[in-house]
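Taken from TrEMBL, the feature NAD(+) binding site applies to 35, 54, 55, 62, 126, 152, 153, 154, 217. The Fe cation binding site annotation in TrEMBL covers 154, 169. The glycine binding site annotation in TrEMBL covers 227.
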């Protein structure tokens, strides 16, 4: 006989055990979009303790809708190997242009990331950063519905050696530093230019303040670089670049 309260206990006890296990991290990633999940995957493969905090119900960021609701994405030659790593299928449209199903990409990358050992906490919004001795040292979290309804509820804290701002176009996490005068103004992303947007997304993936990395569209927003639309290779390469750099720093 099924007991309702046992179902409740199973969910509550296992969830909060996992949350307690992830209050101290090597890397806390804000946003479960393409660059955040790819970064998390390579980090955990390299031995780091990682969790992603995503304010929405679903992972995948902007992958799902492809372009204008046409659920296909394009990946260039340089990033094709990451699709291979995640076993996402694709077809060559023209030389150097590979088309993948957006739904398959979103679900497969998420599944591979979780199965690699990354914990994703959805419906949790990062509202602030922990800063100690001129270094980002963690994140401040609250339930997304609390933030949506503007309830006066104090947050909780997660400590991390590094934080990655993978929150997308607004670079909201990095903007918290701007508001405190700790970095220069975040100009926001520029107009559409796919070629340069893809190149600069990877180039601008870096540590913008001690302990804080930016990836994906957040990297371009911080640098004022162009957007690139429904081509996702730069997102994937950006996540991998951040992961490999952080792994090297964690070894020191």
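Quick reminder: no glycine exception, Cβ is built from N, Cα and C everywhere.
Shown here: features listed in TrEMBL, placed on the structure.
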{"residue": "35", "record": "NAD(+) binding site", "Cβ contacts under 8 Å, 6 or more apart": "166, 205, 215, 216, 217, 218, 235, 236, 238, 239, 242"}
{"residue": "55", "record": "NAD(+) binding site", "Cβ contacts under 8 Å, 6 or more apart": "31, 122, 123, 124, 125, 126, 144, 147"}
{"residue": "153", "record": "NAD(+) binding site", "Cβ contacts under 8 Å, 6 or more apart": "142, 143, 146"}
{"residue": "154", "record": "Fe cation binding site", "Cβ contacts under 8 Å, 6 or more apart": "none"}
{"residue": "169", "record": "Fe cation binding site", "Cβ contacts under 8 Å, 6 or more apart": "188, 189, 217, 218, 221, 227"}
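Remark: of the binding-site residues 126, 217, the most isolated position is 126 (fewest other Cβ atoms within 10 Å of its Cβ).
Look at residue 35 (NAD(+) binding site): DSSP puts it in a helix. Counted within 10 Å of its Cβ, the other Cβ atoms near residue 227 (glycine binding site) come to 18, all protein chains included.
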